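K.L.:
One structure, pasted below without further comment.
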Amino acid sequence: MILLRKFRVLILMVFLIACSMHIMIDLLPKLERHSNSGCSCSHTPSEEPQSWGKQGWPNKHTLRILQDFSNEPSSNVSSHSLERIPATGDKTQALRRLEHLGQRGDRKRQFIQDATVTKNMPVKGSRLSALYDHPLYKRSLPPLTDEDTLFNVNTDIRFDPKATEDQACTKHHMKGNTDGTMDEFSPMGELTADSYPNWLRFHIGINRHELYSRHNPVIEALLKDLVIQKITSVAMKSGGTQLKLIMTFQNYGQALFKPMKQTREQETPPDFFYFSDFERHNAEIAAFHLDRILDFRRVPPVAGRLVNMTKEIRDVTRDKKLWRTFFISPANNVCFYGECSYYCSTEHALCGKPDQIEGSLAAFLPDLALAKRKTWRNPWRRSYHKRKKAEWEVDPDYCEEVKQTPPYDSGTRLLDVMDMTIFDFLMGNMDRHHYETFEKFGNETFIIHLDNGRGFGKHSHDETSILVPLSQCCRVRKSTHLRLQLLAKEEYKLSTLMAESLVRDRLSPILIQPHLEAMDRRLRQVLNVLTECIEKEGYSYVVEDDLQGDQGSDHPHNGPGRR
């Protein structure tokens, strides 16, 4: 009996010792951080990654909350990280944090000359340059007020000298918090917006009419940053059907990484439903270039990048779930698969050659704590069911109902949907279930063209059902119609312009020739639909003149309701 009691006491002691060791191991990184919490001016934005075998998990993943890029219907939640987002009421604090990080990243950043990117810059006399010199691509915006810009640099984004409380370290001061986040230093004195990092300058340029201006040099600089900036941390994006990664750079910019899943020559299998198709990294890149050539400028900048899966993903991630999915394949290639609803298993692993993998990097939009976005259900959303059809597929007069429903009964929203319809048809994208707008601008603003990875899946097939909104409503902007006619001409041929634009990307070629030729074929079909509409309804009914005044903002949108 005594031996039994002693045995029980021994088991209890072993259990208590094990628990104590587990707690100490978990708290060790925090203790180390507190012991180093003094002024340390030699800290860099990110320490060198440890080897895989020695990698630890020192604290919660500290991705900043300054940006968000989402393709989910519930995109008003922040991008996935293990760090909580401050409440909406903390907008002032978030803005200060954005400014501090942006300036600090700019001072730390080293501009590395990239011979390949410089070599591929557009040359004078090219067809692309001639296109952008055309009068249709030189229309000026109406004067912008504070209500027309997403951020007011003089009020929303500025330095607050009081934010720096520790006078012992006025420059390179970093202090650890109990929640595992980092408060970056606040530089003394104010700097101009021109000194901001490119991702922040991109954010500041967003207004009611566009994500970026036509000839903004910041966009080319931002595309270069996406290719050459050092990746300091990686985490999986929450939600969605397929694996996406959030990558943070040394200058504190962030981008959404979609890895390569198909080669350029592979087409979507004929038995695949649109909602189970792969998301293609090259489609995201091509969509950005197409959107710019169409002069919509509603897709955030996207660039292709060759990523080292070992040094730039596995060794820098603190996402345990992602880290645990890495393995070495029988061919001695580094592979991982992450966690998602579809295609995240060893059978669908993403493997490098041996550890290099292609992917698209899409610059983040401003975080929702700073610039709220509203998510709208696309009226021509598909059923996402194997047998059921959506209402618009069986009712030829469906558009008449849409025209009576806000916000499509006034303003420019219906015309924006028509632009998006044409954009999707040229790509062959059937997956436009929702779209987003910036909440600040209300209903009088553009649609953001997010999540284009399911475009360019089939060059041998034109999905005419994508054009149903255009054929049912018979509405289009005059500027859009004229640009489509221009791109159908031989001297401004869409496929040639796309080829010239895409050759500048690091992963060129982005599209094979059959995909380029398919865009020319589809463009002719769009113009045929509009020609039929004009013959049936009359030019003045079909074509909304937005070339007079402030892009139609001062004109009543009487097209949908005039009948």
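Each Cβ is built from the backbone N, Cα and C atoms, and glycine gets one as well.
In case it helps, TrEMBL gives these features for our protein:
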type	residues	note
ACT_SITE	ASP431	active site
BINDING	GLN242, LYS258, GLU279, ALA362, ALA363, PHE364, LEU365, GLU436, ASP451	ATP binding site
BINDING	GLU279, ASP451	Mn(2+) binding site
DOMAIN	326-542	domain 'FAM20 C-terminal'
TRANSMEM	7-25	transmembrane segment
K.L.:
Sort out the residues at least 6 away from either end of the transmembrane segment (7-25), same chain, that have Cβ-Cβ distances under 8 Å to it, and list them.
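P.N.:
Distal contacts: none.
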K.L.:
Roughly how many Å separate the Cα of GLU279 (ATP binding site) from that of ASP431 (active site), to the nearest whole number?
P.N.:
10
K.L.:
Please average pLDDT over the domain 'FAM20 C-terminal' (326-542) for the predicted structure.
P.N.:
94
K.L.:
Which whole-number value in Å describes the distance between the Cα atoms of ALA363 (ATP binding site) and the residue listed as 'active site'?
P.N.:
21
K.L.:
Is it possible to get the count of other C-beta atoms within 10 angstroms of the C-beta of ASP451 (ATP binding site)?
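P.N.:
Excluding its own Cβ, the number within 10 Å is 28.
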K.L.:
Using C-alpha atoms, which one of the binding-site residues GLN242, LEU365, ASP451 comes nearest to the residue listed as 'active site'?
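P.N.:
That would be ASP451, nearest by Cα distance.
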K.L.:
Fewest other CB within 10 angstroms, which one of the binding-site residues GLN242, LEU365?
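P.N.:
So among GLN242, LEU365, the binding-site residues given, the one with the fewest Cβ atoms within 10 Å is GLN242.
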K.L.:
Could you tell me which of these recorded positions, GLU279, ASP431, has the greatest number of Cβ atoms within 10 Å of its own Cβ?
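P.N.:
The residue with the most neighbouring Cβ atoms within 10 Å is GLU279.
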K.L.:
For ATP, with binders GLN242, LYS258, GLU279, ALA362, ALA363, PHE364, LEU365, GLU436, ASP451, what's the maximum Cα separation in whole Å?
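P.N.:
Per the listed residues, the maximum Cα distance equals 20 Å.
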